[in-house]
């Protein structure tokens, strides 16, 4: 075999040199060890894993560690409820987590626990360093105390009447009824949520970290580029209000590490939780002597340290954690990347609706790579929430992965294996197309690096559309009937296979298992630098189905399995079967004879109303039938000629057009129409068409010279 390289015109476009090998340590937030992982957790772990896999593909020394957050009162109480020790409980949870993350293809180098010797060592080391420098303070505070359980009560374990609106059975620090916030000591008729006893007020000495001593450093650090801009802006509120000392101790009984020289006092879980990153990495270093712990954590380390977290724990990672590290003479994070929450079908996860989906429940029904891809299409570098729309999920995965990417291989492979003994041609049928797909590697790499995965996926799918368009125009299935065209068939299908290979290189961080199957089929290792080459005079293996379509019935079964049991189901009253409607005969003769009379001009509007509509020229780069939809065609519309900015639109033009006849045409769309959730997925705009309907519909075609992206005025 031989490799043909990207043509000279595009061979020097790389924007990131690989000559400099980076040292990178990456972490996810530590999931709390008292419950099951759900799809909200999986967003962060998938996001981080994609970024880590990309860095590894680029040849950088990259380590990915995590651990269970295994301390605190909730774990202690849960273990008591189960009749086991906290250690037994967290060990069982950890084993379950390791298996679950592995099944989602999360490629941790180490998954540890905060209840470890390593974490205890570094928690004490950091605390002692802070104490020696005068950054630990003590004072007496008053708290509610459960006399039956013999323990102080955290806010969450106090219930009572709201002091503002007098609503009963409200939380110890906030009221769900009126939204008020208050101190647990202000609650009327308080009771312990643990025992039901009436708590008493009791004094205790607590230990505090002197966060205000680090105000200048933190103020500079949050504006250093280590945080997203919106996060840094939000944190300025803390400085405006004045930083407060942070309570880092809890009284016995408590499951955690006892504070040195302070009997009966324990580190608050949020002190030792982030130190768990160090503990897990130290555990990895102890198992692999080639990794030097200090070179990653020393104050002057040249390694990169990144934390991926949810937006709800920004304060701990962006104020308390860097201040602790600074005070103990360790390095601070290179960056903290925060993401938003997951909603399902536009709403908060709900057990009653079956949308509070546990990781294992998902795995019991669906391929994890479906979720990895869908999350990737939605992820950006911002902290916006991400909606898992289950119908759009099915449509997007089936359309993009099965209908576009894998479809390229399935259209071309059989010709190569059956007629040419699996050998790819030495000829390149369309050098311009090959160069365009190969040259996209630099911009796609930039999207991965900046965590703009959604933009990267759109660029990859736009390329897939162009390759499918190329194959559709060339029609190798027609050419193969002509014995004089066999070389042309081999050339066309060889280029198709090569373009599929390049696209799978780009998708490998997202779809590692599909990439492995592709590598076996192509008899070639998919490495990042391979995007600059083509396989010529190379033998491939017999094609096997690489990916199955998502079945909506399996999605429904998953949500059914996620619903709370609400008692025995009530048998529905049996209804007579509906009669099948006769086909509707549409008569448009009057509308065609006098369109204005049949459809009079609408009510007059002001110019400002019209000016709100943003009409753009677009290029149709893909068109497909929509399963179980009588009227719809799914269009992929490019808003630029390069095809890197695309929109998905469902258009009711099936009665008038065959999808394949639309590919390559230019038309007009309403580009600023709010996305609309449809049964078959999300429609991101509207194309314009004329005519009364049914077969009498004509989409608008601009004159030659109009380019995708141009505004229609």
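Note: Cβ is positioned from N, Cα and C throughout, glycine not excepted.
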Q. With the ranges 31-41, 42-52, 53-63 to choose from, which does Swiss-Prot describe as motif ''HIGH' region'?
A. 31-41
Q. What range among 333-337, 338-342, 343-347, 348-352 does Swiss-Prot record as motif ''KMSKS' region'?
A. 348-352
Q: Only counting partners 6 or more residues apart, tell me which same-chain residues put their Cβ under 8 Å from the Cβ of residue 178 (Zn(2+) binding site).
A: 162, 164, 165, 167
Q) Who are the chain neighbours of the motif ''KMSKS' region' (348-352) in space, where the CB to CB distance is under 8 Å and they lie at least 6 residues beyond its ends? A) 38-40, 342, 562-564, 566
**Q.** Additional residues around Zn(2+), ordered along the sequence, whose Cβ is within 8 Å of the centroid of 162, 165, 175, 178
**A.** 163, 164, 166, 167, 170, 176, 177, 179, 180
Q) For residue 175 (Zn(2+) binding site), what is the tally of other C-beta atoms lying within 10 angstroms of its C-beta? A) 19
**Q.** Greatest C-beta neighbour count within 10 angstroms, which of the binding-site residues 162, 165
**A.** 162
Q: Would you count the other C-beta atoms found within 10 angstroms of the C-beta of residue 351 (ATP binding site) for me?
A: 13
